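> This is the structure I want to talk about, given as C-alpha cells.
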Amino acid sequence: MMFTTAFLVQALLASAAFAIPTSKERAASRRARRSGATRQSKPVDRITSPSSEVSNASYVEFSSNWAGAVLVANTATYKSVTGTFTVPTPKSTGGSSEECATAWVGIDGDTCETAILQTGVDFCVTGSSVSYDGWYPADSFDFSGISFSAGDSVTVTATVISTTEGTLTIVNNSKGTTVSKTVSSSAKLCETNAEWIVEDFEECEGNSCSLVPFANFGTIEFTGASATTSSGTVTPAGSTLIEIEQSNKVLTTVSQSGSTVTVVYA
C-alpha cells in the first residue's frame, strides 16, 4: 500500500543545549500515550563528560537519548539507508508508568543541522501490556495499514529523492505488509549522515517535556544495515558508536560488525 503526502521533515535544532538535531518534534498530530501528553523526539543530548564508570570506554560518544551507529561524510554522500530488526518484547524496569523506546533508520540529523529523513517503530510497555507503532516525521504521524507483534521481522528504509524530498518505508516481512510515505520540506538535507538508532524519546505536557521512562527492549539487531551512495553501497563499518547514559549509568551496549549494528539494553 502506498501513501503520499507532503510534510515538514525537520526543524532546526531547538536550543544550544542540543548540539545535534534529530527528528522533528513529533507531537501535534501524535496520539497521546498518556492523558494530556504528546510524544516527540529531541536532538541528541551529547554527554561531553561521561561518568567515571564509562570514562575509559572505547565508544566515541555518549548521549542521554540515542544509542546506535552513525556514518558521517564531509560532503553529500548518502542517498538511502536501510536495516532489518526483530520487533522486541519490551519489559518494564520496575516502575508503574509506561516505558518506551523506538528503533529507526535515518539520513542526516547528526552533523547536518538542517534536516533529517527517518522512520521507525515505537515499542511501549505498561505492566504486562505492550504496544507498537510505526511512524514517520511531520509531527510524528503513525502509519496506518500496518501492525506489529513481538518477533516480527521489520525492514525500515529512508530514501532521498532530492534535498527537500524523500520516501520512508516500513515492511513487516513476517506479516507481508508494506507502508510508505513521501515527505517534503523547505529545509534541505545535507546527505552527510546515515543512522541506525534506538532512542529514548520525549513526552510533553504543554511546554514541559521529559524523556519517557526507558523500556528494557532487550536487544535490537539491525541486520542488512547499509547505506547507498552515488558510488555504491556501504555498511556501517567505521561508524561512530553512541551509548545512552542516564543518571551516571550506561543503559546500552552498542557494537558493529559488517552489516550488523547491535544495541543491547544493559
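Glycine is no exception: its Cβ is also placed from the backbone N, Cα and C atoms.
TrEMBL annotations: computationally assigned, not manually curated.
Copied straight from TrEMBL:
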- 1-19: signal peptide (SIGNAL)
- 28-50: region 'Disordered' (REGION)
- CYS100-CYS124: disulfide bond (DISULFID)
- CYS112-CYS190: disulfide bond (DISULFID)
- GLU199: active site, proton acceptor (ACT_SITE)
> So which disulfide-bonded residues are near the residue listed as 'active site, proton acceptor', with CA atoms within 10 Å, out of CYS112, CYS124, CYS190?
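So far as Cα distances go, none of the disulfide-bonded residues lies within 10 Å of the residue listed as 'active site, proton acceptor'.
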> Express the distance between the Cα positions of CYS190 (disulfide bond) and CYS100 (disulfide bond) as a whole number of Å.
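A Cα-Cα distance of 30 Å.
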> State the Cα to Cα distance, in Å, between CYS100 (disulfide bond) and CYS112 (disulfide bond), rounded to an integer.
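Approximately 27 Å lies between the Cα of CYS100 (disulfide bond) and that of CYS112 (disulfide bond).
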> What is the total of other Cβ atoms whose distance to the Cβ of the residue listed as 'active site, proton acceptor' is within 10 Å?
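Taking every protein chain into account, the count is 27.
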> Just to be sure I understand the packing, how many Cβ atoms besides its own are within 10 Å of the Cβ of CYS124 (disulfide bond)?
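There are 20 such Cβ atoms around CYS124 (disulfide bond).
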> How long is the line from the C-alpha of CYS124 (disulfide bond) to the C-alpha of CYS112 (disulfide bond), rounded to the nearest angstrom?
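Given the Cα positions, CYS124 (disulfide bond) is 29 Å from CYS112 (disulfide bond).
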